[in-house]
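Student: My questions will all concern the structure given below.
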């Protein structure tokens, strides 16, 4: 039952694939650039002061037209905010504003027309209140030619704009400062997230290989007792372990794609709540498994004594003692997951779940590993990039961010807050970007253990270096693309698979890696009986 629960989450875990740091620059091919209207869409901070005291900070989006907004706060002037009259600014304002920033209402005319009237009235910038709570992109029409606009324009969501409008109509003196700070080239969150992902794969691989080595040692002991013992262990198999095959590897990606589409179409508050419940169930299983494995070294009697539980079967006393804590931990995270430090609980549950899955689910050979990662590679690319052609947005990124909901993305992610980023937010990585390559890396270490290879002559060290390098390249690409979500498996899979296949081919061990998944071993405990001599 535990394995089934974890395997169900294995399907879901690959949904939130892209590594992401949050976009502050937005490119839009449907709104092409033309002369005088060729700015990138950037997020803009609108810091307010009310009667000389610092007020709220709002976030808007800059227009395609007009001059670029300054990136340094020290270069941004604090300027008086004035209500436009008429409010839509579709005709010349009644009064000159002499350098003030005009606050206008969206509607009745084009954005560019509002900006031209505001500039003619002497405004230094224009802030437009949207009629909905979302941010829209202010573009120019294809046939527009008079685009000689010299003041910046910013669109605010309805709630932010209404707050400023209320302050002004109440007689307060309001001034604002407009600027769009750049993200740091490298944020420490990405460094820690890289260490977290690599450390998870490292720890899970050693646990998986250690369990496999103990099984081999036990098998060799039974072999010494004769052929009957061998038959018994072969009939029993590896208790609790699940070997995937080529068909299940392909079906995993097919089912995950169907589930992703369902998430995209049905994404809502209640659906995210359902995902939270599923994640908590898997997190409890993962946290419990890891804690029992760690504590069993100090509480061996409790770990080796069992009690029969209805509908579950034999359960150790240690598991019964740990289980309430794990359930309480997951429930507390679910209830308080909106708090600033809830990401710590989410990462603990996520890491223990990934480690548990890698320990239970095993890739038997390189062929299955190659099929699994190759399918996941195509899956990631398709749903991050190609899906835009059919859905007009990246399905993977929309699901990962939790758009159309009040949640901060789906829970099947590891995330760390961007501590030195003026825009805040989180750096994230999907479970699939750790779990799926981790299954292949764990296979490499199990092979090395059985083959009694040293660290340098084996495959594990180089597959770990390849995985870490692929993930590092992902974050380099993420920064080069201005924080746009990247399919991490696009970089991780070629590094990891390419390294294993190239090393196996060079050492002449590729056939063994590809089909058997383990080195050939000579059985020293069994001998064929000698036949009597015959003259014929």
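Note that Cβ sites are derived from N, Cα and C of the backbone, with glycine treated the same way.
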Student: Between the candidate ranges 223-243, 244-264, where does TrEMBL place the transmembrane segment annotation?
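Tutor: That would be 244-264, the stretch labelled transmembrane segment in TrEMBL.
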Student: Which stretch does TrEMBL mark as transmembrane segment, out of 186-210, 311-335?
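Tutor: Per TrEMBL, the stretch marked transmembrane segment is 311-335.
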Student: Check each of the ranges 159-177, 368-386 against TrEMBL and return the one annotated as transmembrane segment.
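Tutor: Among 159-177, 368-386, the range TrEMBL annotates as transmembrane segment is 368-386.
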Student: According to TrEMBL, which of these ranges is transmembrane segment: 400-422, 423-445?
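Tutor: Spelled out, TrEMBL records transmembrane segment over residues 423-445, not the other listed ranges.
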Student: Where among 244-264, 270-299, 341-361, 423-445, 457-476 do we find the most Cβ pairs under 8 Å to the transmembrane segment (368-386)?
Tutor: 244-264
Student: Under a Cβ pair cut-off of under 8 Å, which of the recorded stretches 244-264, 311-335, 341-361 contacts the transmembrane segment (270-299) most often?
Tutor: 311-335
Student: Taking a Cβ cut-off under 8 Å, which residues six or more beyond the ends of the transmembrane segment (311-335) line up next to it in the same chain?
Tutor: 1, 276-277, 280-281, 283-284, 287-288, 291-292, 295-296, 299, 302-305, 342, 345-346, 348-349
